[in-house]
Amino acid sequence: MTDVSVQQWGEVGGGGPVDLWVLQSAQVRVEVLSLGAILRSVCCRGREGHMEDVVLGFDQLEGYLSDQRYLGATVGRVANRIAQGRFVVEGKEYRLDINNGPNALHGGLRGFNKAIWLATAVEGGVQLSLTSPDGDQGYPGEVQVSVSYTLQGETLTAEYQARSTKTTPINLTNHSYFNLAGQAAADIYHHQVSISAQSYLPVDDSSIPTGEIRRVKGTPFDLTTPVLIGPRLKEVPGPGFDHNFCLSFPGDSWTERDAARVCHPASGRVLEVSTSQPGVQFYTANFLDGLTGKGGVRYRKHSSFCLETQNWPDAVNQAPFPSCLLCPGEDYHHVTRFTFTTV
């Protein structure tokens, strides 16, 4: 049985009130904001029964309003990067705001993470809905989008749905930063990670996939069996992991698959992720630079990890990748589950 409650958490000038929804089961407590459909908090037990908040975030609304790192947010219309902020659909070129080096990232300067969503109670959780108008951040078509967060026992489910009036790229994900040791932990070096992918996408200097689909075997990206994050980070080129791992391929059937498992042996906490999405972006918080989070904790490089279940990055510009186009009359529908257990 999951208890669901709501309270007003603040107000955005010119934008209206922001609500805080609380989902409480016997094992897990989740907080969701109507701003950005943000996962503000996930509290779960360790081996000794101690509850800890394992999601990075802010104590006050102002932190989320000024945040540029997407802490806990639902990102869209298109998560991840679009090369040069441009793409062609049905013969027409669209240009987006450039907000990450030479590229467009996570929906634009005012993506879904900065919108106030309409929140309504559903069984065991909350559904958040949003209308993105035609031309929003440069994207074609009016899009009706929703994400439902429901909690059952130790499993938090995020279900994404969308429809569009014009053919448009869409790629929705949640961008929570996790540390299974809790808020005050300095890094994730003592976490063990495994990802159920035989291939990954190498990237160029601006983190756009090169187009190659490379086998993980024999590379630092082989996470098919559990590895300790700290030592493995020393083998990965660049500042850390920020790569798509391929869970399924074009032509594969829509089905939910095991994606990843992370364990923090000292506390016994385990996070398991499954999804219907074709990829998961494993990101090791390479660009957190000391922003102040909950309880005054400074969030620094490698202080957390993200498992962003999504389509492959820049798919709108790379024909061999799984299509990210949503056409009028079609339904966009994906499910991701986060299960919090102990060992």
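Placement of Cβ uses the backbone N, Cα and C atoms for every residue, glycine included.
Just so you know, TrEMBL annotations never went through curation; they're auto-generated.
Database features, via TrEMBL:
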ACT_SITE  His175  active site, proton donor
ACT_SITE  Glu308  active site, proton acceptor
BINDING   Asn80, Arg81, His175, Ser176, Tyr177, Asp242  beta-D-galactose binding site
Where the record names Asn80, Arg81, His175, Ser176, Tyr177, Asp242 as binding beta-D-galactose, the maximum Cα to Cα distance in Å: 18
Proximal residue to the residue listed as 'active site, proton donor' among recorded positions Asn80, Arg81, Asp242, Glu308 (C-alpha distance): Glu308
Under 8 Å by Cβ from Ser176 (beta-D-galactose binding site), counting only residues of that chain that are 6 or more apart: Leu39, Val42, Val55, Leu56, Leu71, Gly72, Cys306
Those residues of the chain, 6+ apart, with a Cβ under 8 Å from that of Arg81 (beta-D-galactose binding site): Asn100, Asn103, Ala104, Leu105, Ser206, Ser207, Ile208, Pro313, Asp314
Least surrounded among the recorded positions, given as Asn80, His175, Asp242, Glu308, when other CB atoms within 10 Å are counted: Asp242
Which same-chain residues, if any, lie at least 6 apart from Tyr177 (beta-D-galactose binding site) yet have Cβ under 8 Å of it: Val55, Leu56, Arg69, Leu71, Gly72, Ala285, Leu288, Tyr299, Ser303, Ser304, Phe305, Cys306
Length of the line joining the Cα atoms of Glu308 (active site, proton acceptor) and Asp242 (beta-D-galactose binding site), in Å: 10
